[in-house]
Amino acid sequence: MEKKRYRPNVAAIVLSSNYPKKVEFFIAARSDVPDSWQFPQGGIDKGESPKEALLRELKEEIGTDKIEIIAEFPEWVSYDFPKKIAKKMYPYDGQTQKYFLVKLKPEAKIDLDTKEPEFNDYKFVPYKDLFHYVTFFKRPVYKKVLEYFKKEGYF
């Protein structure tokens with residue numbers, strides 16, 4: 001059996017600037033997939049550290065890198081693409097991700113009208129509503145990572 005290939009990637013669990021008073025998670029709707037909400041994420045370029053990729057991806061996807069890194073998930077987490085998406089993402093079968101828990105700085109301004117827009121809408125939602133929006137194949141990874149940060153006392 002052929003070994004699966006995973007694309008190295010970073011993902012940001014973005015909390016509003018109201019954190020820790022109010023715990024609200026930033027999620028965005030993909031412009032290319034209707035009703036598909038997710039956290040900002042993106043590939044790690046050759047020679048780039050995960051933290052450098054995190055800042056670059058946030059700037060590219062949500063128009064700001066004005067964040068404070070609160071914590072980092074201690075391991076890399078992988079998931080497989082659904083068949084429909086896998087064809088588009090060839091040669092990769094899925095992604096292996098490094099997750100960061102970050103807080104927007106008060107001066108941060110979200111702007112989805114970026115050079116290559118990936119999202120067409122965003123909202124801040126409480127934890128209890130998060131999985132109502134998140135696309136199905138990302139839910140297990142999101143649950144694992146969020147449960148860890150919850151257990152560690154971040155929210």
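Here, residue 1 is simply the first one shown, and the rest follow in order.
From the backbone N, Cα and C atoms, a Cβ is placed for every residue, glycine too.
Marked as domain 'Nudix hydrolase' by Swiss-Prot on the basis of sequence analysis: 5-147. Sequence annotations record features per position, and here Swiss-Prot assigns motif 'Nudix box' to 42-63.
For the motif 'Nudix box' (42-63), same-chain residues at least 6 beyond its ends with a Cβ under 8 Å from one of its own Cβ atoms are 7-10, 12, 14, 26, 28, 69, 98, 100, 102, 109-116, 118-119, 122.
Broken down with DSSP, the motif 'Nudix box' (42-63) shows 13 helix, 2 strand, 7 coil. Mean model confidence for the motif 'Nudix box' (42-63) is a pLDDT of 98.
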